[in-house]
């Protein structure tokens, strides 16, 4: 089998003495797919650019998510069952960047993966685990808001034990999916410019291809459809509520039933639509390119270059930078506590007294419920 692989590699090289994959140390060369031998080495400048970008994203992600965890756990008013999902999202995003960006920078300095097979598999496992947990944390947040706003008073209140159970289920399931490649269902291999590792989306047999397909359904399509379902019904419910308030105000011959000046001239529908649009858009923009890369690899439907694949991987990780903003700064109580504990980082006006909270809090006014 090894001799056959060597022959395939030599054939793909086409007589060339240098290729991208030839820079990989001998102890990990058996993990490199023959596809990468078709590509010449990348320009050193690209390693520097990628290293700089991932460093900036890493620092922003670690700082932002650490602040989110600190604010939500240090304030008693924010320690609610629903906010456990936000803290979990911040933790998984923090750990993803903590385990992802230093190896990319280190290996980028050497122009290839120098950390050996074990760390390549561990890197792939961490990326799969924490990425999956982040995605499903976003899904739990969206579904929790759906229950609060759409079901209203008829819902069963979320308890700490119920929130913990959901989080444990997510972590256990995501860990199982991350471990499968270590036990023969697909595998973790060097990818792109050989400075990162991920699942083998160039596998030709359907046993390994099936992992990419089923895993994509679990970690991409199911969460995306759930988030879209949740926000669609949230917007629909609030639209009905707003119309009811306008009708009631018309009957009472008043301009508005709202008391707060901050809410006058602002539609709750617009606020909710913006949060929903930002959430789904960031989700789609961050994860879709890498999903396309994986499917293009297994179905051989696109000519994937090393630069495009590593950029797709980094783009997905960049979502961990956006999440603290979407799920943290759009939370009125979070901004209030941030203004108290870290005034230098607070931005925007103080809306702590607003009687209508955005969908990002998972809460609505008493009349809306």
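Note that Cβ sites are derived from N, Cα and C of the backbone, with glycine treated the same way.
Quick caveat, the model's predicted, so the values are computed rather than measured.
Looking at 122-143, 188-209, the stretch flagged in TrEMBL as transmembrane segment turns out to be 122-143. Among the ranges 45-73, 306-334, the stretch that TrEMBL annotates as transmembrane segment is 45-73. For the domain 'G-protein coupled receptors family 1 profile' (64-327), the mean pLDDT of the prediction comes to 85. Only residues 6 or more beyond the boundaries of the transmembrane segment (212-235), in the same chain, are considered here, and those with a CB under 8 A from a CB of the stretch are 131-132, 135-136, 138-139, 142-143, 145-146, 149-150, 177, 186, 199, 201, 203, 269, 272-273, 276, 279-280, 283-284, 287, 291, 294-295, 297-298, 359. Counting residues 6+ beyond its ends, the transmembrane segment (275-298) has Cβ neighbours under 8 Å at 135, 138, 142, 199, 201-203, 209, 212-213, 216, 220, 224, 227-228, 231, 234-235, 304, 308-309, 311-313, 315-316, 318-319, 322-323, 326, 330, 358-360 in the same chain.
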